[in-house]
Amino acid sequence: MMKYIMFLMFVNSLFFNKLLLLNFVLFLSVFDNNYLYLSKLFFLDELSYYLILLLGWIFSLVYLICSDYKFYMNYFLWLMKLLNMFMLMVFSFIDFFNFYLFFEISMLLMFMVVIGFGYQYERMSSSIYMMFYTFFPSLMLLLGIYYYYGMVKDLNMMFWLKESYSLFFYFCMVIMFLIKLPIYFFHFWLPKAHVEASLEGSMILASIFLKLGAYGIYRVFFLLEKFIVNYKNYIMMFFMLSSIIMSGICCLQVDLKMLVAYSSIVHMSFMMMGLVSLIKTGLMSYVIIMISHGFCSSGLFVLVNLVYQRFGSRSMIMFKGVINYLPMLTLLWFMLSTSNFSCPPSLNFMGEIHILIVSLKVSVKYLLLIMIYIFINAFYSLFMFVFTQYGKMDMFTKFDLFNQEILVLLMHWMPLNMVFFMKYF
């Protein structure tokens, strides 16, 4: 498998785009097996299959919408190829140490994307903040890996030894992924990184990079199963309250990029309820929301960037009445906003319905909290849409949407709302 991946590093950009599209189309064949052993290093199951599909889809859209960096374009394309290759290998490794190694390499490449192609000088402090915020938890995860290997002498992620371990071991194995996800209390690096990152960096960060944390938690989940059984109600309540608190913070945001970044934390926290429920339906909702968030958040960041390019600001106070100048943008914004707050027939709707069912199976007390979450989630999504699209415009733009930009937005929305694809889940 490595010889085919390394080949992609030495082709020109146009040929690479065509080859990536061809491989992606071939990979769309129906995956009927629950587990596919490719070699001693690589494997493929349903979760990694869906995430690799998401990876190919988003990177194809990144190549379509990427800015012209002039003298640095070749450097940017090489960086995207490296990031694509290493993330693909993260989703394919069967050995946990190799997974950890390429996980950290992807972190370094993401650091280079933020610090190299951000818009403002503050990107220096934001990228360093992101790097050091995840440095010490990374060492703790490495310590947990060596501790487990010392006992079992095997790091195959498909065959975890389900024993009772110390609380410190559980903490070491999960803290890194909770920060990369991120969830409440561990989220402070994400808004800073999103605000200073370029459009391409924000798309990859929201749609793919956060999924590395979700993928890692899913892989170590069965190792932590005995711990979760004892504290399931407390953990689910924590994630439920985290989603509500972060939804309230979204209602206070003025910067559109900050609002979309915080909404990612909302969905990631709510998604975790399905995983810790220890019910098969909950695991399915975990995967559904993970994939749907990848499309929705990336599309919202594209919308915010289009507004920023035309009006020179991301503040909702600075511009209103976008419908008067860009009616097509208003339509696309409404389509993605409704998908963001789980309006049918979006995948978000299907995932949250499954989590509602799972939560009621665990305890009826979650019903009121979920209703509050759904209301606040819909409120800030519609507030963002109404506040920016209607009203009196004090700024002027003469640049309408280009066909390429409309295509990219539609390619975010279409897989997000094709419910008939749910048979694959």
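Note that Cβ sites are derived from N, Cα and C of the backbone, with glycine treated the same way.
Listed in TrEMBL for this protein:
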type     : residues : note
TRANSMEM : 7-27     : transmembrane segment
TRANSMEM : 47-66    : transmembrane segment
TRANSMEM : 75-94    : transmembrane segment
DOMAIN   : 95-374   : domain 'NADH:quinone oxidoreductase/Mrp antiporter transmembrane'
TRANSMEM : 100-121  : transmembrane segment
TRANSMEM : 128-148  : transmembrane segment
TRANSMEM : 168-190  : transmembrane segment
TRANSMEM : 202-222  : transmembrane segment
TRANSMEM : 234-252  : transmembrane segment
TRANSMEM : 259-279  : transmembrane segment
TRANSMEM : 285-308  : transmembrane segment
TRANSMEM : 317-336  : transmembrane segment
TRANSMEM : 366-386  : transmembrane segment
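With respect to Cβ pairs under 8 Å, the transmembrane segment (168-190) is most closely packed against 128-148, considering the stretches 47-66, 100-121, 128-148, 285-308, 317-336.
Within the chain, the transmembrane segment (234-252) has long-range Cβ neighbours (under 8 A, six or more residues past its boundaries) at 183-185, 187, 228, 259, 262-263, 265-266, 269-270, 272-273, 276-277, 359, 362, 366, 369-370, 372-373, 376-377, 379-380, 383. Comparing 100-121, 128-148, 285-308, 366-386 for CB pairs under 8 angstroms to the transmembrane segment (47-66), the maximum falls on 285-308. Counted over residue pairs 6 or more apart, the CB atoms of the transmembrane segment (202-222) and the transmembrane segment (366-386) come under 8 Å in fewer than three pairs, which marks the two as apart.
Only pairs six or more apart in sequence are counted, and the transmembrane segment (366-386) with the transmembrane segment (100-121) gives fewer than three Cβ pairs under 8 Å, not enough to call it a contact.
Residues 96-97, 100, 104, 107, 111, 114-115, 155, 161, 169, 171-173, 175-176, 179-180, 188-189, 192-193, 223 of the same chain, all 6+ positions outside the transmembrane segment (128-148), place their C-beta atoms under 8 angstroms from a C-beta of that stretch.
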